[in-house]
Every structure is written in structure tokens, then in C-alpha cells.
């Protein structure tokens with residue numbers, strides 16, 4: 001496949017890939033026919049999507065191999081579109097054709113076991129090998145700015161095509177439309193920065209440094225959200241995912257009736273099933289149909305998405321997700337006491353349990369945009385438990401009424417936790433707030449590496465800076481829904497390399513209760529503390545750096561090791577040791593021979609600290 005084709009495809013697909021598909025595209029046979037896909041997408045579009053899919057499946061494969069496999073599949077698709085009945089391969093489901101192509105390739109030993117399986121187990125095996133963890137593939141090395149511009153001027157099309165390949169294999173669960181839109185941003189950045197290279201006042205490095213974050217932002221954010229959603233679907237099942245989407249959509253579109261909201265929930269859940277399975281073509285078709293439905297039914301859904309629906313297709317989904325919740329209907333009663341007081345509740349609960357619970361969640365969610373979706377799921381679970389208990393024979397008459405008191409208590413507790421966290425953040429600021437989190441999470445999860453603990457608590461601190469400045473009605477959705485992404489990442493880390501029994505329980509028992517469960521974890525009593533080896537605490541001249549960020553990072557690593565060495569450390573002991581360390585650092589950084597000072601005073605500090613800890 002000519003690499004020149006790829007960049008042409010990127011520009012073309014960004015505008016037409018899904019619009020080219022007829023809306024009648026729901027027939028199952030048609031949906032799985034490679035010839036139909038080819039005819040609807042056209043050759044260049046089909047080839048670009050194939051390239052992304054192969055790079056995502058065979059992450060360790062070369063660019064040339066991904067191009068070859070994409071070309072082979074495209075050739076078959078072209079033949080099938082011309083004469084589908086002449087070739088039995090044309091009748092195979094699309095995912096099977098892609099996997100067959102990989103399994104026919106030589107020098108791919110990593111997939112031998114998967115290729116020996118039958119579908120759908122083979123596809124599940126391939127998906128299990130997708131690895132999105134950082135370090136699995138070496139990070140992108142940013143080239144010298146001048147060399148990059150020279151390369152771009154001489155090889156613009158292959159360079160962008162190679163960029164698509166590299167992004168795809170590093171982000172195996174990322175939506176193909178996101179990758180294509182990122183490629184366009186990349187090409188725009190290259191043109192913007194390199195186009196002014198002849199201007200002597202133009203700083204190339206500064207241009208790339210300023211624009212690069214805008215290019216990679218969708219990759220990081222969309223990739224994390226996609227992996228997070230797939231993790232929920234895999235671990236907690238379709239029912240939990242549907243409940244989550246029901247709460248979110250009911251908040252977003254409070255004027256929509258239950259039937260309309262439920263239709264969207266079903267469609268979005270089916271889309272995620274396709275996307276999480278790795279079927280990127282069906283994933284894109286599903287997404288476009290949902291967007292089409294939403295934008296052609298604005299009158300019954302929302303008055304806040306008009307501008308989103310006028311945007312280019314690739315920007316539409318993100319815009320709608322981030323749009324404001326629509327205003328609640330003026331005649332919407334503040335309470336839904338009929339779900340508590342109505343005499344026919346138990347009969348409805350017995351006859352149509354799921355529908356009744358869904359209606360409760362819908363009605364409660366559309367009335368409470370100030371709650372997080374996770375909190376709404378906990379309220380829904382509390383309501384289910386209440387009816388299970390109160391609909392038993394012999395239950396007291398006032399049984400259901402007690403549920404209202406439990407509900408008020410849960411709301412108060414959740415709001416108190418968030419308010420307390422924000423008060424600490426506002427008082428201490430980023431660095432010291434992160435240190436508080438480091439102390440807590442190192443005790444809960446001492447098995448995590450220092451780098452992991454710093455990364456996760458840094459993400460939580462960023463949530464504090466983002467959410468704690470918001471008004472009370474926006475605090476909970478912002479804080480808990482963003483925190484849920486971080487906890488999801490911790491839980492996926494646990495699946496790859498188990499952390500401890502407490503984390504296992506929180507990650508496995510209930511999605512809705514995951515955040516409160518993690519919050520209640522205390523010191524891992526089964527953890528064997530680190531031994532005081534000579535290399536555990538080392539003090540060198542680098543502690544005198546004037547770069548505050550580097551110094552803070554070094555101090556946080558020491559804090560983590562201190563807690564791993566003495567998990568039961570008290571705040572008073574920590575304060576004393578911190579003060580002693582600060583005094584030593586100030587003393588040695590004034591000395592002419594700083595390293596000699598640290599070599600002498602460091603061991604003394606450790607001895608004094610041991611005495612403090614054993615007191």
C-alpha cells in the first residue's frame with residue numbers, strides 16, 4: 001500500500017467515513033459482510049481503518065507488516081464487492097477475516113496459541129493480548145525540530161501514515177475516529193510550525209512544545225475513558241454499564257421520556273460491546289447512528305446540543321458528552337414518593353423488577369444533576385435492597401419510610417467526604433495535598449511502586465485543583481466521576497499484577513461502591529515492611545537542586561520509602577523526621593563540600609529517625 005494513500009485517507013475519513021454509510025446499515029449479514037463494508041466506505045477509507053486495526057492487534061509488528069496486511073484485506077474486500085458469491089471468504093464475518101490474515105502471517109510467534117483457537121475464543125484471546133500499559137512499547141521519541149521539519153517537507157504523507165501506525169499500536173483500545181482526528185492535528189502542527197521555519201524570529205522547539213499537548217490530549221483522554229468503560233463492562237457486566245449510562249443520560253436529557261432514554265441506553269451499551277470487542281468498523285457505525293438519532297431528535301432530548309450537532313462529525317460526540325445538562329422540566333415534581341408510598345410497589349417489583357428499578361433510577365437521576373452517576377447507582381442499589389427487605393411477608397408498615405432516612409444519611413456522608421477533601425486541598429495546595437494522599441495510599445497499597453503511587457496521587461491532586469473550585473452543585477459529578485477513572489486504572493493494574501486482598505475486594509465486589517470501599521481501606525496488615533538496607537535512604541548533593549519539582553519528587557520518594565519501612569508511623573513522628581531532614585538539607589547545602597556533608601549527616605539522620613520511630 002502506498003503510504004501516500006494513508007494521509008489522503010486521513011483527510012477523507014475525517015469528513016466522510018461514517019456519513020458514507022447508509023442508515024439502513026443494521027442488517028446483521030450486511031453488517032458482517034466485507035464486501036458491503038468496502039462498498040460503503042470506499043477503498044481509501046477501508047484501507048485506513050484496516051491499517052489502524054492491524055496496528056492495534058499486532059502491536060509489536062513492523063509498519064511494513066501492518067501495511068501489507070491492510071493491503072491484503074483490502075484486495076479481498078475489493079474482490080468481494082465486485083463478486084461476493086464467487087468466494088466463500090466473502091461470507092465470513094469481518095473480525096474473522098482480520099484474524100485469519102494475522103494468523104497467516106509468518107514470524108508472529110506471540111499469536112500462535114490464539115491462532116489455534118476457534119472463534120469467538122480466538123478473538124477473545126487476541127483482545128487479551130492487547131496491552132495499553134506504558135512501557136510495553138517504547139515511548140515516542142520526539143525528534144529534533146529541524147530534522148522533523150525537513151522530514152515533513154520531503155516525506156509528508158508517509159510521515160503522517162507512520163504516525164497513525166505508532167499511535168494505533170500504543171493505544172490498542174482507542175476509537176479509530178480519535179486516531180484519525182489526532183493525525184489531522186499532527187499534520188496541522190507540522191504545517192504550522194514548519195511553515196514558519198524560514199522566519200529567523202520563529203522558535204521551532206517552542207512551537208512544538210506549545211502545540212504537542214493539543215495533539216496528544218485526545219489520545220490520552222479518550223484512550224483512558226475507552227479502557228475504563230471496557231473494564232466496567234468486562235468486570236461488572238452489561239447490567240452495570242447500562243445502569244451507569246441510564247443515570248448519565250437521564251441527567252443529561254431530563255426532558256426526555258423513559259422510553260427514549262432507555263433506547264439510547266441500549267444503543268450505547270451495544271456500541272460499547274462492539275468497541276470493547278475491538279470491532280472498530282461496527283464501533284464507528286454504532287456511534288454515528290447514535291449521534292444521528294440524538295441530533296435529529298433535539299426537540300425531545302435537549303436544547304443544549306444545537307451547536308454540537310453543527311460541528312464536524314469527529315468533534316460532535318465529545319461536544320455532546322461535555323455539554324451542559326439540559327434544564328429540568330418546569331413541571332417536574334421535586335420528589336418521587338410514589339416509589340415509596342404507593343401500595344402497588346411490591347407487586348410491580350415482583351412482576352417487573354428490572355424495569356421498576358430502571359424507572360426509579362431514571363426519575364431520581366433526572367431530578368438530581370448535582371449528584372455523581374456513581375452516587376446515583378448507590379442510591380439505586382439502596383432502593384433495590386430496601387424493596388427486597390420491605391416486600392417480604394411480615395415486614396412492618398413503616399419499613400419503606402426508613403429508606404428515606406438511610407438515603408439522607410448516605411447523601412450527607414458522600415458530600416462530607418468531598419467537602420473535607422476540598423477543604424484540605426484549599427488549605428494545603430497541590431504539593432502538600434498530594435503528600436497527604438501519598439501517606440494514605442502507601443499504607444493502603446504498599447505493593448505499588450513509588451512511580452505508581454506518585455502518578456495516581458498526582459492524578460487525584462489534579463482532580464482537586466479542577467473540581468474544588470466549582471460550585472456545590474457541580475462538585476460531586478466532577479470529583480467522583482474523575483476519581484472513578486483513577487480508581488479504574490488502579491483496578492486494571494491490580495488485574496495485571498495483584499496488589500492486595502483489600503484492593504481485590506474493592507475492585508471486584510461492586511462498581512458503585514468502589515470509591516467508598518477504597519476510602520475505607522486502612523493499613524495492609526499482611527504487608528511485610530521494607531528492611532532498612534543501606535540503599536533505602538540515600539542523601540546526595542542533588543537534594544540542593546533549585547528546581548523545585550525535582551526536589552519535591554525526591555522528597556516524595558523518601559516519604560513513600562519511610563511509610564513502607566514503618567507503615568504504623570504517626571503524624572507526630574513524621575513531622576519530627578521531616579523537620580530533622582529539612583535541617584540537615586539546609587545545613588549541607590550551605591557547605592562548600594555538600595556531598596561530604598550528606599555522607600556524614602545522612603547516616604546520623606537515619607539513626608535519630610530510628611530512635612524516634614521506636615519510641
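Backbone N, Cα and C atoms are what each Cβ position is placed from, and that goes for glycine too.
Features of the protein shown, as given by TrEMBL:
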type     : residues : note
BINDING  : 279      : Ca(2+) binding site
DISULFID : 80-90    : disulfide bond
DISULFID : 114-125  : disulfide bond
DISULFID : 149-194  : disulfide bond
DISULFID : 193-207  : disulfide bond
DISULFID : 230-276  : disulfide bond
DISULFID : 308-319  : disulfide bond
DISULFID : 346-391  : disulfide bond
DISULFID : 390-399  : disulfide bond
DISULFID : 467-478  : disulfide bond
DISULFID : 491-507  : disulfide bond
DISULFID : 506-517  : disulfide bond
DISULFID : 588-597  : disulfide bond
DOMAIN   : 23-212   : domain 'Albumin'
DOMAIN   : 217-409  : domain 'Albumin'
DOMAIN   : 410-607  : domain 'Albumin'
SIGNAL   : 1-20     : signal peptide
Measuring Cα to Cα, how many angstrom lie between residue 478 (disulfide bond) and residue 399 (disulfide bond)?
34
Measuring Cα to Cα, how many Å separate residue 90 (disulfide bond) from residue 279 (Ca(2+) binding site)?
17
Which one, from the disulfide-bonded residues 125, 193, 467, 491, 597, has the smallest tally of other C-beta atoms lying within 10 Å of its C-beta?
125
Determine, using Cα-Cα distances only, which of these disulfide-bonded residues is closest to residue 230 (disulfide bond): 149, 346, 517, 597.
517
Would you mind reading off the Cα separation of residue 506 (disulfide bond) from residue 491 (disulfide bond), to the nearest angstrom?
9
Going by C-alpha distance, which of the recorded positions 193, 279, 390, 399 is nearest to residue 588 (disulfide bond)?
193
Least buried of the disulfide-bonded residues 80, 149, 346, 390, 507, going by other Cβ atoms within 10 Å?
346
Where the distance is taken from Cα to Cα, which of the disulfide-bonded residues 399, 467, 517 turns out closest to residue 597 (disulfide bond)?
467
CB within-chain contacts under 8 A for residue 207 (disulfide bond), separation at least 6
145, 192, 193, 196
What is the separation, in Å, between the Cα atoms of residue 125 (disulfide bond) and residue 276 (disulfide bond)?
13
From the Cα of residue 279 (Ca(2+) binding site) across to the Cα of residue 114 (disulfide bond), what is the distance in angstrom?
17
Cα-to-Cα gap, residue 517 (disulfide bond) vs residue 319 (disulfide bond), nearest whole Å:
32
Mind looking up the mean pLDDT for the domain 'Albumin' (23-212) in the predicted model?
82
Sparsest Cβ environment (other Cβ within 10 Å) among disulfide-bonded residues 478, 506 belongs to 478
